[in-house]
Structure formats: C-alpha cells, structure tokens
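Database features (Swiss-Prot):
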DOMAIN    3-204  domain 'DPCK'
BINDING   Gly11, Ala12, Gly13, Lys14, Ser15, Leu16  ATP binding site
REGION    211-407  region 'UPF0157'
Amino acid sequence: MLRIGLTGGIGAGKSLLSTTFSQCGGIVVDGDVLAREVVQPGTEGLASLVDAFGRDILLADGALDRQALAAKAFRDDESRGVLNGIVHPLVARRRSEIIAAVSGDAVVVEDIPLLVESGMAPLFPLVVVVHADVELRVRRLVEQRGMAEADARARIAAQASDQQRRAVADVWLDNSGSPEDLVRRARDVWNTRVQPFAHNLAQRQIARAPARLVPADPSWPDQARRIVNRLKIACGHKALRVDHIGSTAVSGFPDFLAKDVIDIQVTVESLDVADELAEPLLAAGYPRLEHITQDTEKTDARSTVGRYDHTDSAALWHKRVHASADPGRPTNVHLRVHGWPNQQFALLFVDWLAANPGAREDYLTVKCDADRRADGELARYVTAKEPWFLDAYQRAWEWADAVHWRP
C-alpha cells in the first residue's frame, strides 16, 4: 500500500485535487470529513469541545455551530492549540481504523488540511501540496464560499506558510490557473509518479536510478532533509543517526557534478537491527536490495572508534542497502553499523571533499571519465571509480588525522 499525504492552504484547491486522485483510482481519506465526523452529536469529540469552549458553540438541536466555534478557536494561538489538541488525535485514530481495512496494493490519499502544522508529513512516502497565492485564495473564499474577507485572511494567516509547505512537498502543484489545468497536472503526476511508485512497492522493486552525471541541483539538500526526516520516523530509536552522504551532500559547489540520486546513511547498532528495519523501510517506500551486502574492503581500515581502528576484517565492511521505489526521487539508503570503517568513511568522505578543492577536482575527473566509459550503465560506472577510492581512502584519513576530524 502506498500512502500519500495531500495538503494545501484553505482555498488552494485541495478538494479538486483529491477528487481527481479519487477518479484515478486512489482511496481518499478526507481529513475535513473525518474532522466533522468526530464531533457529531453524541461523540467524545463534541463533548470535549463543549468542555473547552462552552455550550454556546452548540446549535439548538445539539449539533456543533461551526461559526461560533471558529470565533472562539481562531482568536489566538492558545485557543487554536486547544482545538487542535482535541480534534487531531480523534481524527488520527479514525484515519488509522479506515486504513487498516484497506487492501495491500491500494493507493491511499490522505487529505489532511493541517498536515504541515501537525508535523505529519514524514509519516508519508509521498507528500503532494497544492498551492495558490494568498490573494487568489482570498478571492476564491469570498466569491465561492461567501466568507467575509477578514475571516478568509485570518484563516489563511492561521495556517502554515508557503515556505513551510514547500519544505515538506515532494510534489508541488500550482493551482493559479483554471480547474482544468490542475486536473491535467494531477493526472500527469498520478500516471508518471504515483502509479509507478505504488506498483514498485507492491512488487518490492526499486525505481530505476539515472546513471548520468548532472550539474549540482541546489534543491538536493532540501530533498535530502525530507528523506532524512522520513527515515527517522520509519526507523525510530533503532536509527542512531541518519545522514545525507555521497556526492549530492557536497553542497555549495555548482561545478561539482553528480548522479541525481540522493544517498542516505542510517547508522545502527548491528546488522541484526538493520535486518529488523526491512519492513518499516519498505512501508516508507524503500525496498531492500538483497544482492548488495557489503562495501569494497580497504586495507588498514580506519575508525574513530578505537576497537575498529587499523583493522583488516572483511566483516566490518558489511551493510544493508535499500533504495526508493519512487521514480520521481531515486534514493539509496545504506544501513551501516556504528563505528565500522564503512560507516565512518561515508561520513568522512563528504567532509573531506567539502574541505579540499583538490580532492573535489580529482574526484570529478574520475567521475567524468567513468561516466564516459560506462555509457549509462550504472554498474560499470561504479566499478570504474573503485580503483581511485583505494588511494582516496588513505588521503581522506590523513586529512582526518591532521584536523582531528570526528563524525
């Protein structure tokens, strides 16, 4: 099952987007609908709201007077926090009940207005945000919903900012045009990203990663940050640390080329723990690559952890690897044991390249040569670079010793 988090500011067009995804075959779990359901007459949700805000938020028939509640709940941050503290847990519980009844190969679209505000974005393998600028949203709310302009602006101001939404968005859909434009874009996202992602997950297979070098993308750090947050949630306390590694982590150097693949390292206590994370990582969108179980061993292996420093044990180069099923964001997830030489070098390599222009230039030359010789074949590209790493490993540790590097 693929779970998608769908959100957007009030008036941005979230309802149209969720309807389109439903027509494409998604099972939509609407946060607004659930929020109304959990405060129906006779529910614990409505009773809690009355306790918090008073009986004057009720209509004559005992149902919730939403305008009366809004007048109290949106007047300040404290009141809004009380409202969210009552409604959000009840909605989450009802959502979990619905999802538990869904078949394993489905695409569940969770329409959550306050996805960002509630900190739920990392729970989803994919987050889709629909956007429209503030003035357009105000106009829609006034003209289409009959809302007073002051009320519309207050509602918008009470929600997350565009910057906060961009930070969690894997897919950003602009809805400044016609409804037909949004529907077309939404269907394209479904056909080219969502559906292939869901298929890959169901088959426990990864998305094909690009093998060609491309110019540095300034958005790589932000993309990696979303993935790191997602993996921290998926791994929980079993992840000792989660780091952006590899060439895409060497940011701030526009001339430094890399494959458009984000590499992440999850540090664990043991390979047994890494194996325990196979299913949680699959649920997060990262199937395991069973055929990759170790890095290339280096002689006189180094580590800042004394018992692993200056060792020659092949076992200390073992690891587990997962990769993304999402065709829109190729990602490798390396699970390595704390203190083992391969775990240490993955962290050191990024810092060494960032601090040493000569090392970056050397590595770029090697990568470009490997790229030409591999002609788009990823395995050949990786193999072609490996001899350079034997020398680079020693050079990096010489630098680490000189600057007293610590991970």
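Just so you know, glycine gets a Cβ as well, placed from its N, Cα and C.
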Residues with Cβ closer than 8 Å to the Cβ of Leu16 (ATP binding site), same chain and 6+ apart in sequence?
-> Asn175, Pro179, Leu182, Val183
Roughly where does the region 'UPF0157' (211-407) sit in mean pLDDT, to the nearest integer?
-> 96
How many other Cβ atoms sit within 10 Å of the Cβ of Ser15 (ATP binding site)?
-> 14
